[in-house]
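Copied over from Swiss-Prot, here are the features:
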BINDING   Gly84, Asn115  anthranilate 1 binding site
BINDING   Gly84, 87-88, Thr92, 94-97, 112-120, Ser124  5-phospho-alpha-D-ribose 1-diphosphate binding site
BINDING   Ser96, Glu230  Mg(2+) 1 binding site
BINDING   Arg170  anthranilate 2 binding site
BINDING   Asp229, Glu230  Mg(2+) 2 binding site
Amino acid sequence: MTITPQEALQRTIEHREIFHDEMLHLMRLIMRGDLSPVMAAAIITGLRVKKETIGEIAAAATVMREFANHVEVQDNSNFVDIVGTGGDGSHTFNISTASMFVTAAAGAKVAKHGNRGVSSKSGSADVLEALGVNIDLQSDQVAASIAETGMGFMFAPNHHPAMKNIAAVRRELGVRTIFNILGPLTNPAGAPNQLMGVFHPDLVGIQVRVMQRLGAQHVLVVYGKDGMDEVSLGAATLVGELRDGKVHEYEIHPEDFGLQMVSNRTLKVENADESRTMLLGALDNQPGVAREIVTLNAGTALYAANIAESIADGIQLAREAIASGKARAKVDELVRFTQQFKR
């Protein structure tokens, strides 16, 4: 079933849903650059105003995956992505990137999908570059990195080249659109398990159900009630969990895991170098809030990766990975491996 762009726009004005096949068609037009900038802007703004449905988001993610440069990973067991939507305005250091090293050190395979900072002071790509990682890898090189080190970073512009067809429109609009929530749904390596942070509480239930439709295995979508797109130490965290095809929504608290509730204010950074310093301090087992929040998030990721039977068990594994020095060693391992591909 096809729909004209004008019909789709009218549908959004009337707050009516664009059906799955129609959304597939529309999204392909956008990704190919077949819509005028005016029409593309009108449609994605209309979707935002009426509020995108689970079906519309799932269809859009399906098309983004179609257009991606895929990373072929041979062994899908214990394979996880740790990612946030960003846009939470918290300006903290790169917690999910730090968690990647801990999660890999504890035995999971991590395919991290990220970009440079837009609303944040330091995106995952920025801090990895500050650490000395070569982020400009081709798909086969990322696959080799995952196989060799247990970690691979997929720099979004290298894996979603069709996004250039909507980039100028998004930049000029300057407001959140459906594309702000598609990134975490479109991992080019197809990681079946995921820890996903979101910038709004309503997205917890939406994103986990989108992942359910997309056939994911074990996913935890989280929103810290202090506004963080991470599992928070400063407040309760809302969780939407997909496991065995079923969705459960609940809250967790730092105290549930023997952790103290503390403010996240000390985690703020101004740039990638400050983020690098805080990340390395946490991985060097320096006591403090940074180490504890990395332990909490890595523990949750280890549960998502099915390495741990619970978040509590995952936290214990994360503590051991940091205390043993294995997590810190993973940084040097990734730097060494990726630098061989420097162009």
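From the backbone N, Cα and C atoms, a Cβ is placed for every residue, glycine too.
Overlay of Swiss-Prot annotations on the structure.
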residue : record                                              : Cβ contacts under 8 Å, 6 or more apart
Gly84   : anthranilate 1 binding site                         : Ser96, Pro184, Met196, Gly197, Val198, Phe199, Asp229, Glu230
Thr92   : 5-phospho-alpha-D-ribose 1-diphosphate binding site : Met228, Glu230, Asn264, Leu267, Lys268, Val269
His113  : 5-phospho-alpha-D-ribose 1-diphosphate binding site : Asp81, Val83, Met154, Ala156, His159, Gly183, Pro184, Thr186, Asn187, Pro188, Ala189
Asn115  : anthranilate 1 binding site                         : Gly123, Ser124, Ala125, Phe155, Ala156, Pro157, Gly183
Arg116  : 5-phospho-alpha-D-ribose 1-diphosphate binding site : Gly123, Ala125, Asp126
Arg170  : anthranilate 2 binding site                         : Ile44, Thr177, Phe179
Going by DSSP, is Asp229 (Mg(2+) 2 binding site) part of a helix, a strand, or coil?
coil
What does DSSP say about Arg116 (5-phospho-alpha-D-ribose 1-diphosphate binding site): helix, strand or coil?
coil
Cβ neighbour count within 10 Å of Glu230 (Mg(2+) 1 binding site):
28
